[in-house]
Amino acid sequence: MDHTQENEILVATQTYSVERPIYSYPALHGKLHKKDKVPDPIGDKIKRALSCTPKKIRNIIYMFLPICKWLPAYKPREYVFGDFVSGISTGVLHLPQGLAFAMLAAVPPIFGLYSSFYPVILYCFFGTSRHVSIGPFAVISLMIGGVAVRLVPDDMYVGGGGANSTNGTEERDAMRVKVAMSVTLLSGIIQFCLGVLRFGFVAIYLTEPLVRGFTTAAAVHVFTSMLKYLFGVKTKRHSGPFSVVYSTLAVIANVKKLNICSLVVGLMCFALLLGGKEFNERFKNKLPAPIPLEIVAVIIGTGISAGFNLEESYKVDVVGSLPLGLLAPATPDSSLFHLVYVDAIAIAIVGFSVTISMAKIFAVKHGYQVDGNQELIALGICNTIGSLFQTFSISCSLSRSLVQESTGGNTQLAGCLASLLILLVILAIGFLFESLPQTIWLTTFVSSLFLGLDYGLITAVIIALMTVIYRTQSPTYTVLGQLPNTDVYIDIDAYEEVREHAGIKIFQINAPIYYANSDLYSNALSRKTGVNPALIMAARRKVLKKHAKELGTKGKPQSSVVKVDAEAGGEEDAKQEEQIEENAKPMTIDSLVQKTFPEELERFLPPGPNVHTMILDFSQVNFIDSVGVKTVSGILKEYGDVGIYVYLAACSAQVVNDLTRNRFFENPCVKELLFHSIHDAVLGAKVREALAQQEALAPPPEEDSEPITDPET
C-alpha cells in the first residue's frame with residue numbers, strides 16, 4: 001500500500017460528532033447578539049466625499065487620464081520594438097479598412113481615413129486597453145450608413161445624368177456626412193454620460209454568444225450591400241427591414257449589366273487574400289509578423305487600375321478623389337438629433353459592447369485590467385470630439401485588434417503609431433489610391449470577416465434584458481464563519497460570536513452563477529476575502545526577479561559553469577524520464593495546486609492573508625451556466641497557481657449536473673474538491689494540512705542499498 005492510499009484511507013475514516021439543540025430561527029437568534037453598527041453622520045460623509053488630498057487627486061487623474069499611469073511606467077527596452085512592429089502592421093490594415101468602411105457608412109472614402117486618425121489619437125490618452133484597435137468598424141459603419149440612406153436616399157438628390165447628376169451626388173454626400181456627424185456626436189454624448197454615471201455594468205449583458213449573433217447578422221448585411229461593387233452594377237441602396245433581400249434581388253435583377261473586368265479584379269484580390277491568410281496561418285510560427293496581404297492587394301489593385309486606366313476603358317468604379325490635408329473643425333447639425341436619437345443609442349451600446357468584449361479577452365490573456373466605465377468615457381470622447389472633425393462613429397475592430405496583439409503590441413502607443421501612418425496618407429500620399437477599384441472593398445471586408453466578423457448581438461440582447469432579473473445580477477456576497485462548537489456557518493459581519501478558521505475563507509453567494517454575474521462573482525471573491533491571486537502572483541514575481549538579479553550580481557564559480565555544460569545532455573534525458581514518471585503517477589487534488597515558490601523567499605513577500613483554502617458555499621446556488629462554469633474553473637486555476645486550494649461545498653444535484661454537462665470534471669481529481677457541507681469541507685482542509693505538516697516533518701526515506709560483494713569471492 002503506497003502513501004497516497006494510506007492518506008485516502010485516513011481521510012475516509014475521519015469522523016466528527018456534534019451535539020447541539022435543533023435550532024429554529026427564533027431559538028438560534030435568541031442566543032445571538034446583533035453587532036451595534038452606528039452609521040456615520042451625514043456631515044462626515046459629505047466631508048469625506050468633498051475632501052481633497054493628494055492621493056485622491058492622483059487617483060482621479062489616473063481614472064480619467066490612464067496615460068498618466070501607464071506612460072511613466074513604460075519600458076522602452078521591452079516595449080518599443082513590439083509597439084513599432086504592431087503599429088506599422090495595424091496602420092497598414094487601417095488604410096483599406098478605413099476606405100472600405102466609409103462606403104458602408106455611405107460617406108466619401110476620405111472620411112474613413114479621418115475616422116482612422118483622430119479617434120485613435122484620443123483613445124491613446126483616455127483608453128484602458130493596451131491591445132484593442134480603435135477606428136472604423138464594419139458593424140458600426142453599416143448602422144451609420146443605414147441612418148444616412150434612410151434620411152438622405154439616392155433619389156432625393158441624384159437623378160438623370162451629366163453635370164446635374166454630379167452636382168446631385170456631391171450634395172447627397174455632403175448631406176449624408178452631416179447626418180453621420182450628428183449621429184456620431186449624439187452617440188458620443190450618450191457614451192460619455194453613461195461612463196460618468198458608472199453604467200459600465202451594461203457590458204455584463206453583452207456576453208460573447210450575444211455579440212456573435214449580432215455581428216454574424218451584420219456580416220450578412222455587409223456582404224449583400226457590397227455585392228454590387230463586386231459585379232460592377234448600379235443599384236439603389238436599401239435600408240430597414242428586409243434590406244438584405246432587397247439588395248440581393250436588386251443585384252440579381254441587374255446581373256446582365258455586370259462588369260466583367262470589375263468581377264475579375266475582385267476575384268483576383270479575393271484569391272490573393274484568401275491564399276495569403278492560409279499562408280500566414282500555416283507559417284505563423286516561422287514569420288516574425290503576418291504578411292499584410294491587404295495592403296499588397298491595395299497596391300496591386302491600384303497599380304493595375306492606374307496602368308490600364310480601368311475607369312475610362314472598362315467603366316470600373318474607383319475610389320475617386322482623396323483630397324490632401326485635414327478639414328477645419330465644423331459643428332454637427334443638432335437639428336437632426338430628434339431624427340437619429342434611437343439609432344445613436346443603438347450605435348453607442350453596440351460600439352461599447354464590441355470594444356469591452358475584445359478588451360476583456362486581451363486583458364485576461366495578458367494579465368491586466370480594463371475599466372468598463374472608463375472605456376465608455378474614452379469612446380464618448382473619441383466620438384464627440386471626432387465628430388467635430390468630420391469622423392463617423394468608431395469602435396474596436398476585431399480583425400485589426402487581433403493583428404495589433406499578435407504582432408507584439410504592448411501599449412496604446414502601437415495604435416498611436418498606426419494613426420500616424422494614416423496621417424501620412426491624408427497629408428501627402430492619398431492621391432496615390434484614387435485609382436483603387438471599389439471591388440477591392442468586398443475582398444478587404446471578406447478578409448476582415450475571416451479574421452473576426454463571425455459573431456452576433458441585437459436579438460439576444462433584447463431577450464437577455466427581458467429575462468435577467470436585477471436580483472440575480474446583483475446578489476449578496478457573504479464571508480462565513482463558524483458558530484463555535486457547531487456545524488453552523490453564518491455571516492461573520494453580522495454576529496459577534498462567529499469565528500473564522502485560521503487559513504480558511506468561506507465565501508457564499510445567494511444567487512445562481514451565470515453570464516450576468518459571473519464577472520462580479522470572481523471580483524467579489526477577491527474583494528470580500530482579501531485574497532487576490534493576481535496581486536500575490538505579482539508580488540512573488542517581483543521577489544523572484546529581485547532574487548535572480550542578486551544572484552546574477554554575485555556570480556557563479558567557474559567550476560559550476562563547466563559542470564552545467566558537461567551535464568547538459570544528461571539533464572535532457574533525465575527530464576524526459578521524470579516526465580514519464582510524472583504522467584504515470586495517479587492524479588490527486590495536489591496536482592491542481594502549484595507549490596513551487598521557494599519557502600526561503602516567503603519572508604520577503606509583503607504581509608498578507610495567510611490562506612491555504614477557499615471554500616465556495618453553493619448551498620444557495622440553484623443553477624450555473626457555461627459562462628459561470630468557466631468562471632469557477634478560472635478561480636480554481638488562479639488560486640491554485642498561488643498554492644491555494646478551492647473547495648466547493650453543498651452543491652445541489654442540479655448544480656452538479658450543470659458542472660458535469662459543461663465538462664467541469666474533465667480532470668477526474670476535481671471531484672475531490674466537492675464536499676457535502678461546509679463543515680465537511682472545513683474538516684477536509686484541516687486534515688489535508690495536518691497530513692502535509694506530518695510529511696514535512698517526517699525524515700526522508702532511506703534508499704535501499706545492495707550489499708557490496710567482492711568479485712573474487
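Just so you know, glycine gets a Cβ as well, placed from its N, Cα and C.
Predicted automatically and left uncurated, TrEMBL annotations should be read as such.
Features reported for this protein in TrEMBL:
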- 99-125: transmembrane segment (TRANSMEM)
- 132-152: transmembrane segment (TRANSMEM)
- 185-206: transmembrane segment (TRANSMEM)
- 213-231: transmembrane segment (TRANSMEM)
- 251-275: transmembrane segment (TRANSMEM)
- 287-308: transmembrane segment (TRANSMEM)
- 339-364: transmembrane segment (TRANSMEM)
- 376-400: transmembrane segment (TRANSMEM)
- 412-433: transmembrane segment (TRANSMEM)
- 445-470: transmembrane segment (TRANSMEM)
- 494-685: domain 'STAS' (DOMAIN)
- 572-584: compositional bias 'Basic and acidic residues' (COMPBIAS)
- 701-713: compositional bias 'Acidic residues' (COMPBIAS)
Model confidence over the domain 'STAS' (494-685), averaged pLDDT: 76
Winner by Cβ pairs under 8 Å against the transmembrane segment (339-364), considering only 99-125, 251-275, 376-400: 376-400
Sequence-remote partners of the transmembrane segment (376-400) [C-beta within less than 8 Å, at least six residues beyond its ends]: 64, 90, 93-94, 97, 102, 105, 107, 111, 114-115, 118-119, 122-123, 126-129, 132-141, 143-144, 177, 180-185, 187-196, 199-200, 215, 326-327, 329-332, 347-348, 350-352, 354-355, 358-359, 447-448, 451-453, 455
